[in-house]
Amino acid sequence: MIALLEGIVRGLGVGSVYALLALGFVIIYKATRVISFAQPALMLAGVVLVSHLAGPLGFWVALPLAALLTAVLALGIERGAVRPMVGRPAFVVAIITLGVDVAIRVVVNIFIGLDVRNVHDPWGLDSWRIGALQVQQRHVAAFLATALLVAALFAFFRFTRMGLAMRAAADDQEAALAQGVSVGAVFALSWALAGALAAVGGTFATAGVSFDGNLWLTALVALPVIILGGLDSLPGAVLGGLGVGVAQELVATYQNDMPWLGGNVSVITPYVLMLLVLLVRPYGLFGTREVERV
Amino acid sequence: MTVATKAPRGRPLLFTSYPSEMSLFPTTTRKVAFGLLLAVTAILPFMLADAELQLLATCCIAAIGAIGLGLVTGYAGQVSLGHAFFLGIGAYTASVISGDPDGRTVGLGVTNILVWLPAAGLVAGLFGVIVAPLATRLRGLYLAIVTLGLVFIGQHIFNEWSSVTGGVGVGRPAPTLEIFGYSLFTTTASVTRDQKLFWLMAALLLVFALAARNLARSRVGRAFTAIRDRDIAAGVIGVNLARYKTIAFAVSSFYAGCAGALLFTVTGYIEPTSFSLLLSVQYIAMVLIGGAGTISGAIAGAFFITLLPRIIRELQAFLPFISTDANEVPNVLQVESILYGVLIIVFLIFEPRGLFGLWVRARNYWKSWPFSY
């Protein structure tokens, strides 16, 4: 029972990271109808920035600064590689972002170097005891940060002028353009937001432990998450992220009881989950069914 | 009624019947060019060193895999990031069939290439058919992500199932190149090992490429392109979407399986971590850089991507700031991976038809020379 509860808490912590990353994917998808495979590179760039800046500036200054810089990097990608492709098939743009990802990760890996790096976060592996339950602080921090960011994002989309413009552009680009919404600015802002979210998500993903170049694989877990939640659903991304996180940690807790699956089966749980859900619901749990005119 | 099948002299592009337009080599120039290419391939092993031949043999194998991905992604328009998974299935099927029965890993001891090569293709094709129902339900980017998931699941199985794959860092021997007891992988007095290797792979590439070309110009191929251009419209005019998507995946996986089986015979060893997302991206790059929707483009792309590390090493002599030492920055490996990414971006933005498109441009320029069009 304790193992189960601890697994769920861990899962919520890990899942918050997935939720942040998935939100980035969904925001870009809603604005531009493109899945950005460049997210892993952005996340890695953000984490590396935090790890370099946290030494001289401290974690709490480094995190927002790194998020800002990653947002600028994302803006650059949008301008340089994605904007010229407006109007081309979504798959072509997706493959371009894949190319961007490969190229940027090489550069970022240079800054990781051969040493062990970490983000100098204040939590480490410390934990609180609640009765018999042991809860790691970093998981709580990740969950709270995600809750805060999600609330801020939803408020932004709901109550600000730009948020309204983004929702309008996501709904119908041409109609929004005709109403005076700058769709270009919407594209740019969506990429910037996704970049910042990736940087924050990545930092919490590696809080307490060291990281290396393989951290980018974590960002790919956001792909099954958005497929589960539905490509164009923000609540779907959050719930999907938490759900996948919990499922993954529960499998990790109990995988020793199923040795025939091989070690570390929890790593592929999100993908298996995705396949199973897609067989039943091809548009994810919360996604809108695509209606297409011929 | 007589049907004119031959184009009049001097008007090579005037076709007077559908069969002549769709024939394998529609113009005399193509026939001559193809004949020349065959001749060059046949005598090439006498002119190149063994190391180069080995590299070119690898290119031929990669081309078989790229043609397979080209059929499903370039012709049928179904984006698959899961090619590495099918390559892996083929590689392990073949090595299990031809493996040593008394060895450390599972093996059946049937070393004849005529047995393990088709078997590898068929097993991979079977997995393609199993995956196909997902493709018939999903479209576009959803499919890309699902096939990406396939790579991760496949990697887990390959890494963990060590009785078949040998496990991470250890691996298992590749299938034995042998036909009815005659080894294709040993140096004899008259021909070296790499000469044999090159001829074998070039011949196989020829067979697979012609088969793909024939498929592409048949009813099935036309159904593929119809689905790619507009799947709903294709469905309305009577193309059975489920059936043809399944065929596309099956054929593509068959090609991938065969390529996977052959790919590691050159190095002799299969390591389970080889079948990663990077391998899939490489094959996507081959198809896109070569030119999606053409067989010759896929072959050109495969040669280009496979030769890329070698090209960079040659260029390194002229660009001294690139280091060959893996601990220095920037080194050859980094330049290589960046180039994969940058080339994909540059080709997609500036020449979406890929290398094939460059060739078409050059040809059209000289055709209309000295006029611009």
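Quick reminder: no glycine exception, Cβ is built from N, Cα and C everywhere.
Copied over from TrEMBL, here are the features:
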type	residues	note
TRANSMEM	A:12-29	transmembrane segment
TRANSMEM	A:59-77	transmembrane segment
TRANSMEM	A:89-112	transmembrane segment
TRANSMEM	A:140-160	transmembrane segment
TRANSMEM	A:181-207	transmembrane segment
TRANSMEM	A:236-254	transmembrane segment
TRANSMEM	A:260-280	transmembrane segment
Inset, instruction - Spell out yes or no: are there three or more C-beta pairs under 8 angstroms between the transmembrane segment (A:236-254) and the transmembrane segment (A:12-29), with each pair 6 or more apart in sequence? - result: yes
Legend entry - Feature contact check the transmembrane segment (A:260-280) with the transmembrane segment (A:12-29), CB under 8 Å, 3 or more pairs: no
Legend entry - Tertiary contacts of the transmembrane segment (A:89-112), as residues 6+ beyond its ends and Cβ separation under 8 Å: 32-42, 44-45, 48, 52, 73, 77, 81-82, 211-213, 216
Inset, instruction - Using a Cβ cut-off of under 8 Å, list the residues of the same chain at least 6 residues beyond the transmembrane segment (A:181-207) that approach it. - result: 14, 16-21, 23-25, 27-28, 30-32, 36, 39, 42-47, 49-50, 63, 66-75, 77-79, 82-83, 118-119, 121, 123, 138, 141-142, 145-146, 149, 153, 162, 165-166, 168-169, 173, 215, 218-219
